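**Q** Structure in structure tokens, see below.
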Amino acid sequence: MKFVLLFGVLLVTLFSYSSAEMLDDFDQADEDELLSLIEKEEARAKECTPRFYDCSHDRHSCCRSELFKDVCTCFYPEGGDNEVCTCQQPKHLKYMEKAAGKAKKFGGKIRKWFG
């Protein structure tokens, strides 16, 4: 009986050690993948398309505003057959940014009063 107990403890110890090594290998692979994604994102972030400029070459290249990323909006001008795409900020996001700015300003006034 002691032999079975000793063998069981040894087996559990070896299993936990091997699973810990496998998790370390997976974590290392995830870190390497994350670093490569960050490098790609930094490279892509340098070449953003400003608001109201043509974004038909890359529809995901619009710049960020203060809080949100602009969206590439495509439309057909009146009487035209060619599609035109420009980076624009949706109205609901514009209003949310204005509200956030006012809330931030109001919070500063409250801090000034009670600060």
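Please read every residue number as a count from 1 along the shown chain.
Just so you know, glycine gets a Cβ as well, placed from its N, Cα and C.
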**Q** Pick from Cys63, Cys72: which one does Swiss-Prot say forms the disulfide with Cys55?
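**A** Disulfide partner per Swiss-Prot record: Cys72.
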**Q** So of Cys63, Cys74, which of the disulfide-bonded residues has the fewest other Cβ atoms within 10 Å around its own Cβ?
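**A** Least crowded of the disulfide-bonded residues Cys63, Cys74, by Cβ count within 10 Å, is Cys74.
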